[in-house]
Amino acid sequence: MPTLTGGYNLAVEVIASRLGLVHVLDTVVGDDLLRGVSGGQRRRVTLGEMLMGHPRVIVGDELSTGLDASTTHSIVQQLASWSVTASATTIISLLQPAPEVCALFDDVMLQARGEIYYYGPSSRVFQHFTALQYARPVYKDPADFLLDLSSRNGQKYLADSATCQHKSLAELVTAYRDSEIYKHQLRDLNKPCQGSGGNLLLQSPPYALAWGQAFQAALKREVLLTKLAPANYFSRFIECLMTGLTMGTVFFQLSSNDTSTQGSRLGCFMFATISCGTGQMSNIVAIVSKKQVFFKQRNAGFMPPSAFCLVQTVMQLPISFVAEAGILWAEVYFLTGCAVSSHGLHFCVAWALLGLFSLAFSEVVRAFSYLAPKAPVASLMGGIFILCNMVTSGFMITADKIPPFWIWLYWGLPSAWTMRALAINEYSATIYDEMVTIDGSGATQRQGDYFLEMYQFRTEEYWIWATFAVLLAWLCAALGVSRWALTVCEAVESFASSGNEDEAPLTKAEEVMVELPAESSQGASSPLDIPPVTISFLEIDYFVTIGKKANNQEMQLLSKVSGFFCPGTMTALMGSSGAGKTTLMDVLASRKTGGRIEGIMKINGFHKDEATFPRMIGYVEQTSIHNGRSTLHEALMFSAQLRTDPGIPDKAKAQRVRVILEMLEMTSLADAVVATMSAEQLKRLTMGVELAADPSVLFLDEPTSGLDSRAANVCTSVMTRIARSGRTIVCTIHQPSSEIFFHFDSLLLLRKGGETVFFGKLGAECSALTQYLRNLPGGVDHLSEGMNPAVWMLDVISTYHARDIAVEYTSSELCAENLASAVKHMDTKLIEMDFASPFATSLSHQMYHMIVRAMVDYWRSPDYNLTRLVFCLGSGLAFGSLWKGAGENCETVSDVLTAMGGLFMSIFFPGIVFLVLVVPVFVHDRAVFYREKASHTYIPYAFSMSMFVAELPYILLSDAFFSLAFYPLFAGSSLTLQKFLSFYLMWGLFILTIVIYGQTVAVFKPTAQVASKSGMFAFIMWGLFGGFFHPGPELLDVFLIFHYVNPTRWTLNGLVSMHFASSGDRITDPANPYGAETSADSYIDERYGFNYESFWPGVYVMLCLLLSFLVASAFGLTRVNHLSR
C-alpha cells in the first residue's frame, strides 16, 4: 500500500482512520504464502475498498470474521453512522455477533434452511418469540439464542417445557407469517416509493468515473503495483537480455552470401518470434488471478472492462517494444550480421514489426485467459495458438508443402505474416543486390530474391506494410474479445457448497456423546495412550526485520511473554487485532519461518527438541489448506495413517476417524470432496485432520472464525471434550460468545505490542478475570448483567488510561505467582517426550500412502490430465496432417529439413504445453505440502517421488495418444515397428523429463508466475542449443556444454537418427554441400551431428537428467520454504 501523505484525499484519510488502517498503509496486503496485514485487517481493507465509492447500498458478507468484538462493534457502528449520513441502505450478515453489535441494527432477519422465520424491527424480535413461549437466559447472547430456536437446541429455551412444545422450523415460519410484524412488512413492500429518490439507482451511471478518469486511475494503480513488485516485470527484461545475447552469439555474424547459412538466419528470426510468443504464456497464471480481482471491482462499479483492457495493453508496451523488440531484437540483429542501412531503416522496420507482433500476441493470450475459467484451460488455448503459429510460419514447413486444408492458417495467423515481413525487410537490403546464377542454363536472379523464393516467401516490399495492417487487426480483435469476455464472464468460485448442511436435522452439540479412547491398562507403551504434556515458557520475545536488511532495523512483536499450559485445560489467547496472538502461537508451536526468538521454553521440564516437537502437537491453522481432491474421510485417514504409530491396527485408526467424524458432526459428509465444501466445513475438517494424529497438545488459530454460532458451539464442545481427555488445548479466538468463553479454563490476554495484560485461570463464569480487572487502580467500567465478559475485557484494555495496564500486570501478585508456577513447571521433570525419529512412520510406509493419495488426486483432476490427453491427441493429428508423408522419400535438402522440422516440433511444442500446465498444479499442491511438512507428516522426498509416480501413467498414456496420432502419418510407407517404438520411447522420456523439470523449478521459485517464466527461459534455451535451429558442429566451443547437457538435443538425435538410419533415402540436390548424391543419414550426421550410434547413450543421458531433476526437487523441498510466517 502507498503512504498516506501526498495525493490522498480526505475520504481516504477518514475511512482509513475509521477502520483502524492508518498504521498499516505501508504494509502489503499479502496472501496465504506472503506475510502481510493480519486477517482482520485484510477484512477491513475489503470494506474500505467498497466504501470509497460512496455506495447507496452496502452489502457485507460476514464482516466480523477474523475481527475481535471491539473492532467489529466499531466497524458496524461506523456503517450505521454512514447509513444515516449518506442515506444508504446497509445489509450485513454476521456470525456470532456480540449483543452490543446486535443492538446497532434497526431490523433483523433470521433464516434457516432457506426459510425466513423472522424479519422485522430488532426491538420487537424478543417480544415476538416471547409470545411463542420462549425465554432467553441471562447468560445467553441474543444472536445465539435466536439462531438456536430453529434447531433442536431451541427446546431448552421454552418458558415451561412441561406445558409447551418446541416448534419446528415450519411452525416458526408459519407463526411469523401470521404475525402483525409480517403483515406490516408486506404493507411497506407494496407501498410505492415517494419522491425523486426512488429512481436514483436507476438514474445513476454504472461507473462513478468517466471513461478517461477510470483509465487514468487504473493506469496509476498498475504503475504503482509494478513499483511495489518490480521483480515480475523486470524479470522479462533480464530474460530478453540473456536470450538476445545468447542468440546473437550462437548465430554470430552469419554470412550474407552463403546459401547454407540462410536457413540459420531464418531460424534465428523464427526463434525470436517464438521467444516473444512463449514469453507471454508464463503470464497466464497471473492474468487469471488478476481477472478474479477485476470481477469483484467490476461488479462494484470501479471501472469499465474496456478501460481495464486498454490499461493492460499499455502496461505491455515497454515489454513488447523495449524488452522484446528493443533489447532482444537489437542484440540479435546486430550480432548476427543483419543488414544495416545508412539510416537504420531496416532495423527500425524490423523493430516495429516484432514489437507490434509481441503486443498483438500478448493481447491474444490475455483474451484466452479472460475467456477460460481456469489457468490450465487458458494454457491449453494459448498453447494451441502458439502451435498453429509456429508450424505455419513458413520456416518449419514451407508454404508449398502445407496441405490445402491448413493453408488458411498460413495466411491468417500473425507469425507467418511477421516472418514473411522480416525476411523481405532483410533480403531487400542492398547487400543482397548481387546477381547469382540459379540453374545450369545461366539464368541469373537477385540474391535476396533467390533466398526468399527458397522458402516460398514473396519478394514485393508492400507485404511489409500489409503485415502492419494485419497485426493491428489482430490487436484490435483481441482487445474486443477481451472486453467482451470481461463483460459477460463471471468469477469462478474457489469452492461451492456440497449442499445445504442444514437440509436434514443435525444432532446438537450437547447430544453428541462420543467416548474418546480410554486409557489403556498397558501403560504408556499403549499406542492409544496419549502422554500428558505441560508447556512452560519464560520471557518470550520475538523480533522481525523491517525495511532493508542492511539497515538491521527490527520490530518487536512479542515482549516478555511468560506462562504455562497444562494437560486437561483449555487456554485462550486473546487480544485486539494485531496484538500478537497468532504470532505467539506460531512461536510456541515452532511454526515461524523467520524472525528472531528469545526466551526459554520447556516441555514437561525438558528443553524443547525442535526436530521431534511437531510429532506431539496438532496445529489447526486459521486458513484451511487441504488437498481439494480428497474426500473428507480420506483426508482424516491419511493423517491417521502417517502421523500415528504404525503399530496401531488400521481398524483402530479407522474407528478413530469415525469417532472424529461424529464429534465434528460430519458423518454425512464423509464422502464429500474437500474442494466442494463450504468454509465452515473446511474449518471443522482442519480440526479433524489434526485430531486424527492423536496429539498431546492442540494449537488452534481462530477455529471459530467464519462459523455461525451453532457451528462455533460444536467446535468449542469438541475442544472441551478433547481437553478433558488429558490433552493440552491452546487457542486464539476472536469475539467468542459468553457460552463459548465460559468453556475455557485459562486466558492469556495480550495488547498491541505483544505485552501481557492478564494470564491466569478465568474462574466460574470468568469471575477471576472480572475480579482482577475491577481491582485495577483508577477503576473500570462495570460489567453489566448479561454482558459478554470477552467483549467487556477488550473494552477495558482499550479504554483504560489510568496507568499502563501491561505494567500493572507485571507488578501484580498474579504475575509473580504465574512466574513462580512457570519456573516450577520448568524445573519439574515429568515424562520426557523422546522420539527416535522426527516422523511417526517409515519411509516405505510414507511412500505407499503418498503414492496412493497422489494417484487418486490425479484421477480426480480432469482439468489437468484430460486436458493433456486431449491436447496430445489433437496436436498429434494436427502435426501428422501437416507433415503427412514428410518422413518418406526425402530426396532433397529441403525434404530433410522439413522432416526434421516435423520431428523437432513434435517434441518442442508439447514440451512447452506440459511445462506450462504442470507448474501451477505443483505450486497448488506445494501449499498443502508446506502444512504437512510443518507437522512432520512425511519426509519431503516421499512427496516428490509420489508426484513423479502419479505422473507416469498419464505421461505414458499421453505418449501413446501422440505417437499413434502423429508418427504413422509422418513416416508414411517408411514406418516400421522399431521406428515407432523408438519414437514412443524418446518422446515419452522427453516429456517426463520436462514435467519433472517443471516441478523442480516450482520448488525453488516463490510463485507459479515466476516459476513459469524461469522454466520457459531454460526450455527455450534448450531449443536454441538443441541442434535444429543451428547445427551443433557449428556452435562455438563455449556453447557445447549447453548442447550436450540438453534433453532436446538427445531426444532430437534419437528421433532423427532412428528415422533415417535404415530409410535408404538419398539426397540428389545441387545445394547439398556434401556431394551431389549423399544418403540422408550421412547428411544428417555430417551437418547436424545426429547419428544412430548415439541413440542409446542419449537414452542414458536423458535418464541421468531425469534423476538429477528428481534429486534437486527432493533437496529443494527439504531446504526451501516460500511460506512466510
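Glycine residues also receive a Cβ, built from the backbone N, Cα and C atoms like all the rest.
Curation does not apply to TrEMBL; its annotations are automatic.
What TrEMBL says about this one:
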- 535-778: domain 'ABC transporter' (DOMAIN)
- 344-365: transmembrane segment (TRANSMEM)
- 377-399: transmembrane segment (TRANSMEM)
- 462-481: transmembrane segment (TRANSMEM)
- 865-883: transmembrane segment (TRANSMEM)
- 903-923: transmembrane segment (TRANSMEM)
- 952-971: transmembrane segment (TRANSMEM)
- 983-1004: transmembrane segment (TRANSMEM)
- 1016-1045: transmembrane segment (TRANSMEM)
- 1095-1117: transmembrane segment (TRANSMEM)
>> Counting Cβ pairs closer than 8 Å, which of 377-399, 462-481, 983-1004, 1016-1045, 1095-1117 has the most of them with the transmembrane segment (865-883)?
In response: 377-399
> Most CB pairs under 8 Å with the transmembrane segment (377-399): which of 462-481, 903-923, 1016-1045, 1095-1117?
Replying inline: 903-923
>> Please tell me whether the transmembrane segment (903-923) and the transmembrane segment (1095-1117) touch - that is, whether there are at least 3 C-beta pairs under 8 Å between them, with each pair 6 or more apart in sequence.
In response: no
>> I'd like to know the mean pLDDT over the domain 'ABC transporter' (535-778).
In response: 88
> Are there residues at least 6 beyond the ends of the transmembrane segment (1016-1045) whose Cβ is under 8 Å from a Cβ of it, and what are they?
Replying inline: 239, 242-243, 246-247, 249-252, 264, 267-268, 270-271, 274-275, 278-279, 281-282, 900-901, 904, 908, 911-912, 915-916, 994, 997, 1001, 1052-1053, 1087-1090, 1101, 1105
